[in-house]
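Peer 1: Take this structure first; my questions come after.
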Amino acid sequence: KSNQKVIQKHSLISPTSKGDKILLHFINQSGVKITTSVTEGASLLEVVINKNLDISGFGACEGTLACSTCHLIFDENVYKNLEPIADEELDMLDLAYGLTKTSRLGCQVCVQKWMDGMTVRVPRDVKDLRNVKESAENQ
Amino acid sequence: MSCSLLCRLCIVGGGPAGFYTAQHLLKSHPDIHVDIYERLPIPFGLVRFGVAPDHPEVKNVINTFTQTAQHKHCCFFGNVNIGRDVSVKELQEAYHAVVLSYGAEANRRLGIPGEDLLGVYSAKDFVGWYNGVPCNKDLQPDLSSDTAVILGQGNVALDVARMLLSPLDILKKTDVTQPSLEALAASHVHKVLIVGRRGPLQMACTIKELREMVNLPGTKPDMVTAEFEGIAEALKELPRPRKRLTELLLKAAQGSAGSAQATRQWGFRFLRSPVEIRPSSDVTRTAGIRLAVNRLEGSGENAQAVPTGEVEDLQCGLVINSIGYRSLPIDATVPFDPHKAVIPNTVGRVEQVAGLYCSGWVKRGPTGVIATTMNDSFDTARALLQDIEAGLLKLSTKKLGSKAIVTLLEKRGVNSVSFLEWEKINAEEVKRGGRAGKPREKLLDVEEMIKIAKT
C-alpha cells in the first residue's frame, strides 16, 4: 500500500520556496483557473491543501483512499503517461461523480517534471456517490 | 453581502451535515456568525457513532470539522436538546436563520411478527452499541448462537458482518468500546448470512466493503451457486462500477476466496424477504426466521422483488435489521413528511417556513456517505447565501443569537458543553485508549462526559 500517503502539512511545498519549477493549472468547480508553481514529488492533493487552492471540500479523507473528493480530470496525453491505477484507487474512483475516461484521484498522482504546464479539472460538482442507484444513472 | 450587517445563523445538529453547512457559510463572508447546537455533549454525529471502528481513515474529516468549530465566528453548544430544552421558534427569534441538520435517529421497522423478540436488533442500535452511543450501552446483544442473519445488503450490513466475524487481533486495536470488544470476544457467532430482497445485480453495498469481506482473515464465503445463474452472462452490459462489484462477488461465490480451514463463514442470500421471526420453544428468544422467496420483475437498478408464494426457514439466534435509518419530527412547528420521513424542502429551504433550512439526512433521506452529505450541505448553504443576498433575511433586524439562548438554558437548568470542554473529554478518551493500545476509549455515560467537561 505504498500509494497511500497521509498529507504532510509541513511538506515538500511551502508557499514561497525557491526552486519551484513545475507550473500547474487547476480549474475549480466554478470554472475558475488557478495557477500554482511547485516542486516535484508531492501528490496533487497535497498541492491543493498546502497551497490552499480554492477548491471546496477537496480531500475529505486526507489522502487515505476512503473517499473520492480529490477526483481530478486530466488531458488524454497526460493521463496515458500516469502511473498505472491500483485496485484500491479504482474502487473509490468508481464512485466519483462525473467520472470520465481520464479521471484519477489526486491523492494518488504525484507531481513530476514532465507535467510542467498541465491543466487538471475538478468536475462541476465534487461528489462521492456511494449510493448505487444514483451512480448507475450517471454512467 | 453588499453592506456589512452582522448575520447570526444557527445549526441544529453537530454531525457532518451541521459542520459542512457551517463551514461553507463561515467561508463565504466575514460577518456571518454560526452557532451549532448538539443534543449530546460531544460533536461529530455519525462520523463518531456510525463509521465502523476499523475504518479510521473515514474519520479524518473530524480534523476539518475541528477547524470549523475553532473558527472565531463559530460556537459549539453541546448537551442542548432542541425541541425539548429550547424550541425551534425560540431559535428563530434569536437568529436570522436556522438550519436543521439533525439527521436520522430512528430506524425503519420490519413490521413483521417476532420483531421484538430477544435476539433481534436494528443495525442502528447494534452499530450504536459497538460505537459507544450512550443510549445503546445497555443493549447486551445476544451473541450466543451460531448463526446471525442480517436483513439488508448495504454498507451498514457489511459493517455489522465484519464486526461479528473480524479476528479480535484486529478489533482490539480500534476504537470499538471495551464492553463490546469483550462481548464480541465471547461471541459464538460463526456464520453470518446477509439477506436481500432482490438479486446479485441489485446489491446495494460497494466494492471496497465487499473486498474487505473477501479478504477477512479466518473466514470463507458460503454462497448458493444457483442464485448466480445468468449473472456472468450479464456482466458485459454493466457499467464499470457494477461490473467490477459483480465480478468480485462471482469470484467469492465460486469458492476461490478465503482459506479452506477457516471456521467462520459469511454469505449473501438473494431474493428473500422476511415474513416472520420465529421464537424458541420457550418463546424467550429468537430461533429462526421465515423468508418469502421472490422473483425479479424487470432488470437493473429498478428491478422489483415479487413474492412467488414459496417460503424458506433459516435457523438463527441473532437477527439484525439493516433496512435503513429514519428521521423523526423535531417540533410541532416544523413541517415533516411522515411517509418519506424527511422535512419537506426545495434545495434545503423548508417549505412554507421563511428563515428555516435543512441539510443532510433529515433533508434528503438516510443514504450516501459523508461526501454526499458534504455536497448536500454546500447546496443548502448556497441557497441560504442567495437568500441573504436577495435581502430575504432582514439583517437590519438585530438578533441576540446565543446570548438569548444561553439565558433560556440557564433559566431551565441546562448545562451546555463548549468545544473547549469537548476537547477535555477528547483528551481523556485518548489517554484511556493509549493505555489499551487503542486510538481512544470512548466514554459511554453522558453524566461522566459532563463531569469531565466541567473539571
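Placement of Cβ uses the backbone N, Cα and C atoms for every residue, glycine included.
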Peer 1: For the FAD site that TrEMBL describes with B:Glu38, B:Leu46, B:Ile82, B:Trp361, B:Gly368, B:Val369, B:Ile370, which of these is also annotated: B:Ala17, B:Ala106, B:Ala332?
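Peer 2: That FAD site, as TrEMBL gives it, pairs B:Glu38, B:Leu46, B:Ile82, B:Trp361, B:Gly368, B:Val369, B:Ile370 with B:Ala17.
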Peer 1: By CA-CA distance, flag whichever of B:Glu38, B:Leu46, B:Ile82, B:Val369, B:Ile370 among the binding-site residues is nearest to B:Gly154 (NADP(+) binding site).
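Peer 2: Out of the listed candidates, the nearest Cα belongs to B:Val369.
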Peer 1: Between the binding-site residues B:Gly154, B:Gly368, whose Cβ has more other Cβ atoms within 10 Å than any of the rest?
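Peer 2: Ranked by Cβ atoms within 10 Å, first place goes to B:Gly154.
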Peer 1: If we take B:Ile82, B:Asn155, B:Arg198, B:Gly368, B:Val369, B:Ile370 as the binding-site residues, which have a Cβ under 8 Å from chain A?
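Peer 2: Near chain A: B:Asn155, B:Gly368, B:Val369, B:Ile370.
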Peer 1: Which one is it: of the binding-site residues B:Gln153, B:Asn155, B:Arg197, B:Arg198, B:Glu209, whose Cα lies the shortest distance from the Cα of B:Ala17 (FAD binding site)?
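Peer 2: The smallest Cα gap between B:Ala17 (FAD binding site) and any of the binding-site residues is with B:Asn155.
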Peer 1: Find the one among the binding-site residues B:Gln153, B:Val156, B:Arg197, B:Glu209 whose C-alpha lies closest to that of B:Leu46 (FAD binding site).
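Peer 2: The smallest Cα gap between B:Leu46 (FAD binding site) and any of the binding-site residues is with B:Val156.
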Peer 1: List only the single closest residue to B:Ile82 (FAD binding site), chosen from the binding-site residues B:Gln153, B:Val156, B:Arg197, B:Arg198 by CA-CA distance.
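Peer 2: Nearest in space to B:Ile82 (FAD binding site), counting only the binding-site residues, is B:Val156.
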Peer 1: By CA-CA distance, flag whichever of B:Glu38, B:Trp361, B:Gly368, B:Val369, B:Ile370 among the binding-site residues is nearest to B:Arg197 (NADP(+) binding site).
Peer 2: B:Gly368
